[in-house]
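Remarks on the structure that follows.
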């Protein structure tokens, strides 16, 4: 009865949900003409050198997430990322790994960070490396755009809502035959005997002068069974390193004399720092989560990278081109929400990613900052049921199944943990709290964890050379286009061409993710 009443109410209200202005054909004509004027403005290409590069990576943020978040936020306007000036879609199979139609986060990270396609499960190496086989790694290492930027004299940063050693950020600095070799405690004996290094060790040793590193997974930095600073009595949070090394201390010891390096593990420690006096920052939580009301602290690491010391939502005095660098969002929790079948959590993470994009847009200038927003892959996540305008995204479709005569939510999954059979039939969702944040949307196939999808991922770009990101491209094209715009990497012959100024030495690669140290 409850479901029937909800369906009737949706049908009765659907006609009144159309805004009055949208009933007037002139509204749509005017909107189209404004869009046309914006498209015509894009013909004046921005061919400046990018002094700042910003790569936002929404892990698992497929086109379906973008569209549904866009619908949810239609009352207040489009998503901020959709207002960036150039958009291209990279449709299937452009996100594929060299050995997989539907990719994982390791192979895709190697593509969009290192510019080379790779096998699933491997990071920072070519497709000549076989997963789990340490002896195939030597000579197959590939470098990332973070390394290219650092070699070009830039300040660089890695910020992520996942562990820092997770597949997505680790491709920026590590070379590993297995994405799960977080510490030597997770590596098999043959890999250790073969001389392969764990990912946490590579974080400290491969590029020791990364200015900002913020994320989770600190247990991989400490000796096995060492008590955690925040959860000293919980065994699962104890250190995992078999070599008994303290990598935080090793990170600190590797810094040049006279430079100030700070390690923090809680938001209060970060906020207590005098960031104008910090040259290097390492922050690791147990596993980062970002409360939405605390996103305002996103600007805190900017001072270390030479921007300014506080988050005000306003540009600092002077030309934005004087910025030395900034660090902005990978949102890894979109992916985690989908794997658990919790659509509400995944979409809320997408909202936070979008807020960070809006902040970066306000704080930078399109004249000298190339911002790129993309995803590594999608999920088997869909939205349907002929829902009327204004229908809650997490609500019921305005119809029942014509097979089992039961209601269904507008958000569903192709597979995952939401598969429920009650008394031999599909669960009646009107009997559960489908609007709860932990609700697992129904799926067609039962799996403990939902899988990635092989559908399109979107790429949005704004700033110098954004027009290079157009049409259909392989995913590994992205870092090459960004490097060309910033005059870093191997393709720099154009940088001193007539009419195009050479790149400044005070450029940064801002990097991945919603700032973690807010938990």
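A Cβ is built for glycine as well, from the same backbone N, Cα and C atoms used for every other residue.
Marked as signal peptide by TrEMBL: 1-15.
The Zn(2+) binding site annotation in TrEMBL covers 59, 335, 339, 376, 377, 452. The Cβ of residue 339 (Zn(2+) binding site) has 19 other Cβ atoms within 10 Å, all protein chains considered.
Feature annotation from TrEMBL assigns Mg(2+) binding site to 59, 166, 168. Cβ neighbour count for residue 59 (Zn(2+) binding site): 29 (other Cβ atoms within 10 Å of its Cβ, all protein chains included).
Here TrEMBL flags 105 as active site, phosphoserine intermediate. Within the same chain, residues at least 6 positions away in sequence whose Cβ sits under 8 Å from that of residue 105 (active site, phosphoserine intermediate) are 59, 166, 167, 168, 179, 335, 376, 377.
Ranked by Cβ neighbours within 10 A across all protein chains shown, the binding-site residues 166, 377, 452 are led by 166.
Neighbour counts of Cβ atoms within 10 Å were taken for the binding-site residues 335, 376; the minimum is at 335. Of all the Cβ atoms in the protein chains shown, 28 others lie within 10 Å of the Cβ of residue 168 (Mg(2+) binding site).
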